[in-house]
Amino acid sequence: AASHQTEIRNSFDEPSAPLLDDLESGPSQEAQGAGLQLGNVTGVIPRNKMQTFERILWRSLRGNLYMNTAEIDEPVIDPSTDVVVEKNVFIIFAHGREILAKIKKIAESLGATLYPIDSSSDRRREALLDVVRHIEEFNSVLVNTTQTRRQELMRISENLVAWMIIVKKEKATYHTMNHFNYDINRKCLIAEGWCPTNEINTIQTALRGVTERSGSMVPSILNELKTHKEPPTFHKTNKFTVGFQGIVDAYGMAKYREVNPGLFTIISFPFLFAVMFGDVGHGIIVLLIGMYLCMNERKLAHVDGEMFQMVFGGRYIILLMGAFSIFTGMMYNDIFSRALPWFQSGWDFHVPDDYPGKTVIVAEPNGHTYPFGIDYAWHGTDNYLLFTNSYKMKMSVILGVIHMSFGICMVYYNAKFYRKPIDIIAGFIPQMIFMQALFGYLTLMILYKWSVNWFETDAAGHAVRNSPPSLLNTMIYMFLSPGSVAEGDRLYPGQAFVQGFLVLVAFICIPWMLFVKPYYLKWEHGKARAMGYHQPSEHNVRVSTDSTRSEEAAGAVVADEIEGEEEFEFSEEFIHQVIHTIDFCLSCISNTASYLRLWALSLAHAQLSEVLWSMTLGVAWGFSGTIGAIMTVAMFAVWFFLSIFILVGMEGLSAFLHALRLHWVEFNSKFYIGTGYAFQPFSFATVLSEKETA
């Protein structure tokens, strides 16, 4: 090889170019004398192992080799791991079989792939042409395969949705049928389940239709079962009522056939929200948001996002909250903390021409009565906050007592439906008397105090009545000193006797609620045991929803499994009644105070709106000229953004949560059992709406 170092090879790219000059031009005289025969090893190796490969070869062969490498431009995909690897091609010349075998072992140990290369240029040319021909054939096969696969996938895509629907339906159908029982003797499937009573005829018609279409000679048989199991609860809803029903269901699923508060929530929830959020301007914004969601419900129903779907599901709640907020805002005469002169004011301010602005001017009545809401003349006065605080606080108590009293009335309907007169005698009647004796009386005092002119004077100018008494002190001393009222705190004649009588009645209601029901159940249990029954009949009553239908099903199979039956224990019943009585008596006080959140949040909302207006547009309107115009535009943007983000977004969410609490805790706790479970009918619509989970 050394003897031909001075020769210049014309081109290394020619196929006929020798791998090494000595192999084709003949070895030198020194090589011939030594009997030197050169061989080669060719292959590819990962680029990151190239330096290690060269170092090992050099040390193991002590430099007795000639090696040349070149980088492969395109990355190679390893067929065993499908990983993209950068590789180098190499060729090594050495003499001796043992050395060549050693080189091959080293290369294979480092992950190299070896390829045999013939030393003859003609054979190399033939091999190259053969490889090129194979590559072209493979590329042609790949192109044809890709086109065929694409066409097949296009045809599949046209039917993929329909196939997925069919698969989901069949999967859900077989999953449900796996719950059926197989009768070996009768060679049939037996299924037990629940269905709405008024849908039985529909189900029978559907079964007959399926039997006729399938050509089966054996019809499907539908029988009603008599059972003591608790049926599931099913509330028929639509897109308007489903959001309100969801509010109630989040607290607890109603027991079968008990009073459903979701119907009353349609009005009470947005109204209590609006009491805390009363503002015409903010109500219009909420109303517009609700109208947008309702008018575009078909388009927005497919928008993903858990938070958005939650808001979208309550779009009709938002719509009514906005409408009721406009109403209460008109009652408060408040639009973005500004007053609107809807009608003629009932007060006149006589401001002299030389008024210095340091003294207080007292408004005088002009004989007109403001017909709707608060008179706009109150806005901006020094005692406006004092007046609205008293007004909204008393209004909150009145609304709370009415709301809770309505909840207690639902106890009567539940007891009547479940045929439990003891719940009326020892539950509804004493609870209603206790509530009205204390807080119903407070409501009447508020209304009476509002209806009396406490500053009326006689002909001589002397006050006819004493100063208006504090109702809070009246309620406190009603318990501390029953039967006596100080002269300065007297609200009406005969007040001492009335209050003493009401306190006595309220105290009588406590043992009434505490002892009557447990001892009545003990007497009933003893009577039933004496007659030979294991349990009182009242506890096993299964309310029939259709007497005629039960007669028709007299011959049906009776599913007599009784779930949840427990032996009567007087001590447990008495302890339960003690807890219930204490909870009711204390909750009447705490829940009434809890309704004061209506006043607190309404006050906070009005004051935040006032502060935001005065710190943005109020400041901007203090400038004039060009600066005033720029400030007005800039401050309007700030005011609008903060109004949407804070007053509508954050304050609206706060009012929503407080209204939710008033319904869950203060209202539902008076009557709602909420121990049922939801009716989950088999429905393809429900199956198809469920997203695939990994």
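Each Cβ is built from the backbone N, Cα and C atoms, and glycine gets one as well.
Sequence annotations record features per position, and here TrEMBL assigns compositional bias 'Basic and acidic residues' to 1-12. What TrEMBL lists as region 'Disordered' is 1-37. The annotation transmembrane segment is assigned in TrEMBL to 271-295, 316-333, 395-413, 425-448, 496-515, 611-631, 637-660.
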(request) Count the CB pairs under 8 A between the transmembrane segment (425-448) and each of 271-295, 395-413, 611-631, 637-660, then give me the winner. (result) 395-413
(message) Pairs of Cβ atoms less than 8 Å apart decide it: which stretch in 271-295, 395-413, 611-631 has the most with the transmembrane segment (637-660)?
(response) 271-295
(request) With a Cβ cut-off under 8 Å, give me the same-chain residues at least six positions beyond the ends of the transmembrane segment (271-295) that come close to it. (result) 311-312, 315-332, 334-337, 340, 395-396, 399, 403, 597-598, 601-602, 605-606, 609, 643-644, 647-648, 651-652, 654-656, 658-659, 662-663
